[in-house]
Amino acid sequence: MNIDQHHQLQQQHQQQMLQQQAQAQAQAQAQAQQQQQQQQQAAAAAAAANAAATTSSSPRQVSFNVSDHYQILEIVGEGAYGIVCSAIHKPSQQKVAIKKIEPFERSMLCLRTLRELKLLKHFNHENIISILAIQRPINYESFNEIYLIQELMETDLHRVIRTQNLSDDHIQYFIYQTLRALKAMHSANVLHRDLKPSNLLLNSNCDLKICDFGLARSIASQEDNYGFMTEYVATRWYRAPEIMLTFQEYTTAIDVWSVGCILAEMLSGRPLFPGRDYHNQLWLIMEVLGTPNMEDYYNIKSKRAREYIRSLPFCKKIPFSELFANTNNNTSTSTSNTGGRTNINPLALDLLEKLLIFNPAKRITVEDALKHPYLQLYHDPNDEPISDKIPEDFFDFDKMKDQLTIEDLKKLLYEEIMKPL
């Protein structure tokens, strides 16, 4: 073999080596791409699994498009326009609740969401549910749902009343915490207007937090009372009589009435005024409280409402000690509607008498209710904080709600969500 042939063989060998290296590199790149695709598919599957929760009663899955910092556990609550899931915040290992809201089908739902969002950001109180974080959308175009990260509360008072007998100590503590939250809300010039057992959240430590501020309004703003009634679709059992009798203005007394209804329900294990409709609701109230006297009668400004009350049979007031006598004498140990209570604290009935007064001007105030002897064990004026008053323009969107489209409200919600907490 001459030198030229030797060089030619070397060149052929080098070309073969280069081809083999190129093939090996191409195979390695293909394998890497395949592995990357598999990893992406696995990550997507994991994210889909993480972002879906299934109710025990239904096979349907609910998509939660939240940060991968959260591991979705299960659905813990569901309402007309929101679903709440429990989740774990992975970095801190803290259990939280994530509330998914899809309000953009109806203006009313947008308004309720905007009120709640603004108020929960305003308050910072131990007995009012707080927002820990908000899942912010990438941009306005992708803004189709709202995710609020909140404290996780295991249950609510409605479920507790239905499943167990409450001790007098529990009742005192729950009413105290409710009034403590109301003191802060009313000091901020805010009426809740939808207090009921299902809106009082509880945890295993018996801590209570008020939620659902979708119907709340400013005390100073009374222009929208008619609009309030058209929107008031919640359970009527806890509504103050002045709401149904269209008083000219509503005061903090409407929330106080609701607290009275809740106290009565905890004492007996059943709703006190479970009206079937508007008329039956008023009749049940008057069956217990009696027909209004002349002073209270003329405090009702609506002539039509006064005429309706005059058309009803006269009722004599039933003292709560007598009304609850059947409960006191009940020796049942079941968890039925009777509550199974064999003894009711007379101080609880005394407070109830002051909470459930027909005339709102004569009803006990939150501050005086906190001082009542029934709550003496918990009352501490140095640990019942007030809140900053809401600005005058806080609820301006409500004043012009008839002119606002869903798109207008969506923009307001987007702006509110993008603001820092």
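Backbone N, Cα and C define each Cβ position, glycine as well.
These features come from Swiss-Prot:
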ACT_SITE  ASP194  active site, proton acceptor
BINDING   VAL76, GLY77, GLU78, GLY79, ALA80, TYR81, GLY82, ILE83, VAL84, LYS99  ATP binding site
DOMAIN    70-375  domain 'Protein kinase'
MOD_RES   THR230  phosphothreonine
MOD_RES   TYR232  phosphotyrosine
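The residue listed as 'active site, proton acceptor' is 19 Å away from VAL84 (ATP binding site) when you measure Cα to Cα. Contacts of VAL76 (ATP binding site) defined by a Cβ separation under 8 A and a same-chain sequence distance of 6+ are given as VAL84, CYS85, SER86, ALA97, LEU152, in order along the sequence.
Just so you know, of the recorded positions GLU78, ASP194, the Cβ with the fewest other Cβ atoms around it within 10 Å is the one at GLU78. In sequence order, LYS99, LYS100, ILE101, GLU102 are the residues of the chain that are 6 or more apart from GLY82 (ATP binding site) and have a CB within less than 8 Å of its CB. Taken together, the residues in the domain 'Protein kinase' (70-375) have a mean pLDDT of 89 on the 0 to 100 scale.
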